[in-house]
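See structure below.
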Amino acid sequence: MNVRALLISLPSDFHSSPKHNHPTDISASRKIFEKSQLPLQFRLRIRFLSLERSGVFATRKCLVRRGIGKVWAEVKSETYDVPGPTPQAVKFEDALSDVVLGRDGEVDEELDGAVPWWEEFPKRWVIVILCFSAFLLCNMDRVNMSIAILPMSQEFNWNPATVGLIQSSFFWGYLLTQVAGGIWADTVGGKRVLAFGVIWWSIATALTPVAARVGLPFLLVVRAFMGIGEGVAMPAMNNLLSKWVPVAERSRSLALVYSGMYLGSVTGLAFSPFLIHTYGWPSVFYSFGSLGTVWIAVWLSKAHSSPLEDPQLRPKEMKLILRNSVSKEPVKSIPWKLILSKAPVWALIVSHFCHNWGTFILLTWMPTYYNQVLKFNLTESGLLCVLPWLTMAFSANLGGWIADTLVSKGLSVTLVRKIMQSIGFLGPAFFLTQLSHVNSPAMAVLCMACSQGTDAFSQSGLYSNHQDIAPRYSGVLLGLSNTAGVLAGVFGTAATGYILQHGSWDDVFKVSVGLYLVGTVVWNLFSTGEKIID
């Protein structure tokens, strides 16, 4: 008989007592299993004449779940003989709904309205939002020292050289864990690595006031430990998103996560002065550090390193994510020779260096530029420093939406990455060249904001490219390129001081513009959006 009219043989006393025997076995032709080596599942919804019940019954090869309503299953509509009489106590509503054959877990469409809306929210975007919040905390904990260092230096009588040493100690640990964090994330999974990073830097943040009172060496060690925790965050996040986010959503998801860093800087700069004024400088570190415990509690209960590890992931979303998925085999070793032999990998490393040189200079020296050149006081300079971060948060998400739209319209990923990164290079270069021609402080601030705004289009360019060219090793690739980016920030910040001592701000901007142009050429000649390492 046809599956649409399939009747299940049940004991006659099934409807009268909750404690009943299992229904009789149903045999079917073996050809239903010809296309699958795994057990199949199909779901039936049955309405009984006397009352409604739910239960489980099984055939020889497949599991059938019985609920309330229509009957439907993941099998093709074919004719099978069902031995034995059919009891009159059972009937089906009209007919079985449409059915589709599929492997267990591959397709399992839910009935409309059967699941609450909050459970239908895409799980991949839960992961993205949690990564966004982690990066929000990351930069909140990073920038609070730039505000708290002022009352701390007064209390402990630190000279400018000591202040500079404390500020730089963060980068000692940050540099150490870029590549190591990538290797770790690619081999054990991004969930564990990001959880470790947040716990580690949150504890280091909370211990900062204690270390400062114990002595300077202890403070330097704690700040370096904080850098170790934050150093693994980017590679871990990149590994997670490479597994969870389809290519068509990659740019906007990365843009959202990185905008968490920008908004974290805004939040830290906005709340730190209030907390210091009201409760004293230690309150900044205690309060910001404690937020990590809240994040960890949610992360451990909701996140998984890959869709294959999530038992609650809806099959429809699983199919969407895995449609163009990479190999499911875990990473056991890193093919360093193969990775470093690829020109697109070096294009990433060189471009990241060129990009971060200009970015770190602007973000580090911007208050000084506002004060020395534009003649703003320190309060005004601090407030205006928030503007570029807000601009970057907005334009990063705008660029991500544009990039994903272009990919969905049929443009190649390679072309989209080159377009977005060219904007990320040439936009800042253009606006920096205009700074020497403007006479109004307002126009100078606008140029700086536009420079950083176009810079943020890089989130849809080079920052998305790690997952394009080597999704299985995206954590390692980001660790490699971000190491070059951090070195650019360290060397660029120091070089700017030297240039200003012997030259002018125009010279500083010329160096940045030159590196932006070099990055543009290298990127457009050697980058690709195709997978080159499997």
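Glycine residues also receive a Cβ, built from the backbone N, Cα and C atoms like all the rest.
These figures come from a predicted structure and were not determined experimentally.
Looking at 169-186, 439-456, the range annotated in TrEMBL as transmembrane segment turns out to be 169-186. A contact between the transmembrane segment (169-186) and the transmembrane segment (345-366) is absent, since fewer than 3 of their C-beta pairs, 6 or more residues apart, lie under 8 Å. At the 8 Å Cβ cutoff, the transmembrane segment (193-212) and the transmembrane segment (253-275) share fewer than 3 close pairs (sequence separation 6 or more) and do not count as touching. In summary, the transmembrane segment (345-366) lies against the transmembrane segment (507-526): three or more C-beta pairs, each 6 or more positions apart in sequence, are under 8 Å. Same-chain residues lying 6 or more positions outside the transmembrane segment (507-526) and placing a CB less than 8 Å from one of its CB atoms are 343-344, 346-347, 350-351, 353-355, 357-358, 361-362, 365, 418, 421-422, 425-426, 428-429, 432-433, 435-436, 461-462, 495-496, 499-500.
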